[in-house]
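K.L.:
Below are the features listed in TrEMBL for this protein:
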REGION    1-68  region 'Disordered'
COMPBIAS  43-61  compositional bias 'Low complexity'
REGION    128-150  region 'Disordered'
DOMAIN    240-455  domain 'CDC20/Fizzy WD40'
REPEAT    294-326  repeat 'WD'
REPEAT    424-457  repeat 'WD'
């Protein structure tokens, strides 16, 4: 029996493979011929189940020309967007580029930062997912979501939090929370404070008396120091020293019966605290020596500070009491009795209304924080030594305390954690006097060792408007002079 061999008709797969080769060439005179390469790969692909008649040119397999330019994404880094590279790109490279961690751009810190800023800090790593997508592109089955085969290249993403966008220009704490492990080169440690003073001045006859306040820094960048029976003025811009007794005296107010150890200004109102246990308000515009008298302390008044809004006056005394007064009261409106030693160190926060800090003497050694709005004590920190002075930074939420027995140190604190940023030493006697420069960056300390020491402890303000410059005397440029 003879067997006749009949030629086998071509399979559908062979027809589909030969289909693109049977297309007519693109005319060179067509203006949009250079745009054909991008869309052709998306619209000319023939399904594997097509019949033999599908090899004929159809509207779906012909090249589509358009007036819209669609660039070729063959060289794009689709791994950054959780997209597998196209099969043509995968065949031209030996393996998936995203799979090699050594040369993958998506594994660099820059790509990690960019991905976190665009899609949020919780976006998972794309390298492993891209490698999986690359390996699965050659296997049969449906294409993974987000690959070019599905056409869903730019998938919808949830809106990035505004805090993530601001983190590029924010502080270290927010950067570490949004981009963990990226900003490791900067370091998350505390701000560095110089451990030594940049200037030391001799102050002969500077008294070693805990109850006195003999150093102050004016808004015009002039430092006043009481030495012996004289007051000396040191110009921080020119470093010239003047004897205030040789200047013209404006007025003399003789109203206290004993020494005056504390003064505080509130616009044209001068408040004074004395060993006679009283506080007097002097209005320099009035003819009378004082306009009101405050009574309440049972011992010498050694601390006196007006709040920044001039609505509250805090006073501390040798009776271990801290009182708060309003401008029209003759009796204290708030009384705090928790301290167990004299209260000389008093400071109002410039950042939060009603926040008051106070420090006790040798038997107390504590810094206490009060909310005068709610009349509550917020916290208490045992410093281990006598608290002589407190001052709050106007630029950052930090404060400085000076101490006496037994360590004679200066401590920079971060509020509200009360973590120590720096401990400065150098004085050999109690650091009884403290003042801050008008730009809020420098402090000056005085002690019984008859020296004045200038320290750079606070950073410069991040932004200052012209209004704030006028309030402090326009002294933000003074730093180069007082150094």
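Every residue, even glycine, has its Cβ placed from backbone N, Cα and C.
No curator has checked TrEMBL annotations; they are predicted automatically.
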K.L.:
At a C-beta cut-off of under 8 Å, are there same-chain residues at least 6 beyond the repeat 'WD' (294-326) that contact it? List them, or none.
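P.N.:
210-213, 261-267, 271-275, 277-281, 332-337, 339-348, 350, 353-354, 356, 358, 360, 364, 370, 372.
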K.L.:
The repeat 'WD' (424-457): which same-chain residues, six or more beyond its ends, come within Cβ distance under 8 Å?
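P.N.:
Contacts of the repeat 'WD' (424-457) (Cβ under 8 Å, skipping residues fewer than 6 from its ends): 193-210, 212-221, 223, 225, 236, 386, 388-391, 393-395, 400, 402-405, 407-412, 472-473, 475-476, 478-479, 482.
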K.L.:
For a three-state summary based on DSSP, what are the helix, strand and coil counts in the repeat 'WD' (294-326)?
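P.N.:
Its residues fall into 0 helix, 17 strand, 16 coil.
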K.L.:
Tally of helix, strand and coil residues over the repeat 'WD' (424-457) according to DSSP?
P.N.:
0 helix, 19 strand, 15 coil
K.L.:
Any idea what the model's mean pLDDT is for the domain 'CDC20/Fizzy WD40' (240-455)?
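P.N.:
Value for the domain 'CDC20/Fizzy WD40' (240-455), mean pLDDT as a whole number: 94.
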